[in-house]
Amino acid sequence: MNHTSQAFVNAATGGQPPNYERIKEEYEVSELGAPHGSASVRTTVINMPREVSVPDHVVWSLFNTLFMNFCCLGFIAYAYSVKSRDRKMVGDMTGAQAYASTAKCLNISSLVLSILMVIITIVTVVIIALNAPRLQT
């Protein structure tokens, strides 16, 4: 409030503070105050587990299964990813993390070996194509 409105309120009430009616619940709370007697105060502590996100790598495993399934590593990674997702749904975060770690390693292995096989195949085809005219003569 600014200064002029305070003067108006004080003049309207005759200089006395306004008389507020006390709410019943407010009155009862102030009357009760602190607990009386020898009853001990009990506190309850609730431990809320923090939200832990365990990646299950299902999409990556599915991609490797469909497109880069070198020696069935993508399929095995997909199986471990599904196991990881199942463990996460049950609430076993340690088990889910272990399965997810295995799925991640298998996915990396499948990806690297498949890319190496593609590169080796391309290099082999190029070398054969470049040497083909020499072989015909």
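From the backbone N, Cα and C atoms, a Cβ is placed for every residue, glycine too.
So that you can see what the record holds, here are the features copied from Swiss-Prot:
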CROSSLNK  Lys24  ubiquitin cross-link
CROSSLNK  Lys83  ubiquitin cross-link
CROSSLNK  Lys88  ubiquitin cross-link
CROSSLNK  Lys104  ubiquitin cross-link
INTRAMEM  58-78  intramembrane segment
TOPO_DOM  1-57  topological domain 'Cytoplasmic'
TOPO_DOM  79-109  topological domain 'Cytoplasmic'
TOPO_DOM  131-137  topological domain 'Extracellular'
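Residue density at Lys88 (ubiquitin cross-link): 20 other Cβ atoms are found within 10 A of its Cβ, drawing on all protein chains shown. The separation of Lys83 (ubiquitin cross-link) from Lys104 (ubiquitin cross-link), Cα to Cα, is 13 Å. Long-range neighbours of the topological domain 'Cytoplasmic' (79-109) within the same chain, counting only residues 6 or more positions beyond its ends whose Cβ lies under 8 Å from a Cβ of the stretch, are 52, 54-58, 60-62, 64, 73.
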